[in-house]
Amino acid sequence: MLATARRQQEGTLIFIEDRADLYIRVREGIRQVILGDYQAFSRDQENEVAAVQPPPVVHYEPENNPNSGAERLANSGPENQPLQPPPQRPEVPNNPRYPSNPDPRYPETRPHHHPQHRPRPPEPQPAAHEHTSGPGLHLIALNTPQVGNMRGIRGADYLCFQQARAVGLKGTFRAFLSSKLQDLYSIVRKSDRDNLPIVNLRDQVLFNSWESLFSMFMRKDILRDSAWPQKMVWHGSSSRGHRQTDNYCETWRMEDQVMTGMASSLQAGQLLEQAARSCSSRYIVLCIENSYIAQSKK
């Protein structure tokens, strides 16, 4: 014991279990601590359980007054209504080992709340066009004149598609233009070139057929509006409907003044007059329905 006590610091308590003696380490050695009388634990007290008092029961009288609850709380004593601190948002203690700034390498993931959007009501669609004079292919004009740059033949075709749908025409409409890979003559489906008339939006016959368009005069003046001050039509074709590679404004993508595209004057009564004009000019663009679609019976 002395060897063990020598290694202890001054003031250390040393307890000898087998003898139940208590010593304290002092400067020059150890001193025994004199203990009081010994008292053994009673076995009956080891199994005792503290009695738990039931919570107080508060009786409330039924009342119809909406303010009665508030009055009871105001009149209740401190024994029935303990004061509670106001609710506060828990604060996270700052720990230098865990900085508050997020590490950009590990982005914080939070649930994303996507607002619910009500679906928009469907836009009113124009009434479908009905053929009043039997089957035919429509030849219509764009609402505004165009320069030689129409974003290519696909851009011109898309303008025709949009404006045909806007007036209730459901067929496939193509721009009345020749281009790099397209002859004007071949736009209409071969089976519809001889047996269907070319009509305007009012179903008035303009030409007896697509074939006759390349050799006959127009029966009706299809454009009588001041929106087109120059009665000229872009087509970029020969008189037989074949592409003119030197006169189609670089496949309808250029509007330079020095470049030219083939056009035709409506005042001459023909759609394929051979007149080379500057691509900076704003002329009429026609759209042709390239095949006939029979109307479904209701």
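The backbone N, Cα and C atoms fix where each Cβ goes, and this holds for glycine too.
TrEMBL does not curate its annotations; it predicts them automatically.
For 1-38, the entry in TrEMBL reads domain 'Collagen type XV/XVIII trimerization'. What TrEMBL records for 137-293 is domain 'Collagenase NC10/endostatin'. Annotation comment: TrEMBL describes 46-139 as region 'Disordered'.
Counting residues of the domain 'Collagen type XV/XVIII trimerization' (1-38) by DSSP class, helix then strand then coil, yields 5 helix, 13 strand, 20 coil. When pLDDT values are averaged over the domain 'Collagen type XV/XVIII trimerization' (1-38), the model yields 78.
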